[in-house]
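According to TrEMBL, the protein has these features:
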{"type": "DOMAIN", "residues": "136-270", "note": "domain 'RNase H type-1'"}
{"type": "BINDING", "residues": "Asp145, Asp266", "note": "Mg(2+) 1 binding site"}
{"type": "BINDING", "residues": "Glu182, Asp209", "note": "Mg(2+) 2 binding site"}
Amino acid sequence: MAKKKKFYVVWEGHEPGVYTDWNKAQKQVSGYTGAKFMSFENLKDAESAYKTGIIPPKRAGEKTKYYVVWEGHTPGIYTDWITAQKEIQGYPKPVYKIFGSKALAEKAFKEGAENYKGDYKKTRDLTAEELTKIGNPLELALCVDAACNGKGDFEYRGVWMHNKEEVFRVGPYQKGSNNIGEFLALVHALAFLKQLKDEKMQTFPIYSDSRIAMGWVKAKVCRTKQLPTPEVKNLINRAEHWLKTNTFKNPILKWETKVWGEIPADFGRK
């Protein structure tokens with residue numbers, strides 16, 4: 001699913017204006033004392049707000065956003081951007097982030113910014129019933145994740161859940177995708193645990209935050225529509241061959257990012 005486009009209004013910054021790219025907008029406010037800026041869901045609201053200085057009221061059905069300020073004048077969680085913005089303006093190197101879930105915002109504020117690098121986390125508040133059903137992650141498990149940049153360069157790794165120690169890290173490879181990386185990471189984890197020849201490791205759980213990769217492993221085939229390089233194609237072929245010639249009892253579990261935050265194996269580059 002394509003990422004929803006955002007528009008960034010900079011009223012007070014190095015070069016005020018309306019920007020469609022956050023990196024460019026960020027350059028206009030970084031290091032500028034008293035910078036004033038805000039993101040909008042559509043161009044019409046952004047242009048209107050820039051010209052008039054008036055921020056349109058919250059639209060019906062629009063979800064509440066939670067602004068976590070780890071380092072600012074008054075650290076805390078805010079539901080109003082104007083208020084949150086006052087806490088970071090003029091503060092040397094403020095650290096803050098937007099979340100779509102109150103539970104995740106509270107968890108992030110408590111745990112600290114280091115584990116929550118990246119862009120806005122779009123999620124939602126869960127019902128008490130959903131939270132009870134999901135519960136907490138298993139402490140004894142192996143977590144995997146992949147990272148891919150805009151050029152298709154990807155890598156993946158595995159991390160022990162209990163101590164966050166990196167178990168394996170592979171890549172980067174060129175002209176792949178995040179889904180390919182997630183798939184290879186899962187197969188690598190399965191093969192790694194199997195070769196340990198420890199009875200407990202044969203049923204050791206594996207966490208992944210990719211339903212697509214989990215589905216590919218279940219089907220024993222990488223269903224990517226990418227045209228990988230010969231090197232990446234060879235990795236995929238080896239992974240598929242391993243799945244078709246080996247059996248495993250390790251449960252592959254979905255990492256519930258919307259409740260638990262980023263998976264421990266996350267590269268922090270989102």
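The backbone N, Cα and C atoms fix where each Cβ goes, and this holds for glycine too.
Annotations in TrEMBL come from automatic prediction, not curation.
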Remark   = Students should find that the Cα atoms of Asp145 (Mg(2+) 1 binding site) and Glu182 (Mg(2+) 2 binding site) sit apart, in Å rounded to an integer, by 6
Task = Around the Cβ of Asp209 (Mg(2+) 2 binding site), how many other Cβ atoms lie within 10 Å? Please give the count over every shown protein chain.
result = 20
Ask   = Counting every protein chain present, what is the number of Cβ atoms, excluding its own, within 10 Å of the Cβ of Asp145 (Mg(2+) 1 binding site)?
value = 26
Inquiry  = Counting across all protein chains present, how many other Cβ atoms fall within 10 Å of the Cβ of Glu182 (Mg(2+) 2 binding site)?
reply    = 25
Note = Counting every protein chain shown, other Cβ atoms within 10 Å of the Cβ of Asp266 (Mg(2+) 1 binding site) number 22
Query = What counts of helix, strand and coil residues does DSSP assign across the domain 'RNase H type-1' (136-270)?
reply = 52 helix, 28 strand, 55 coil
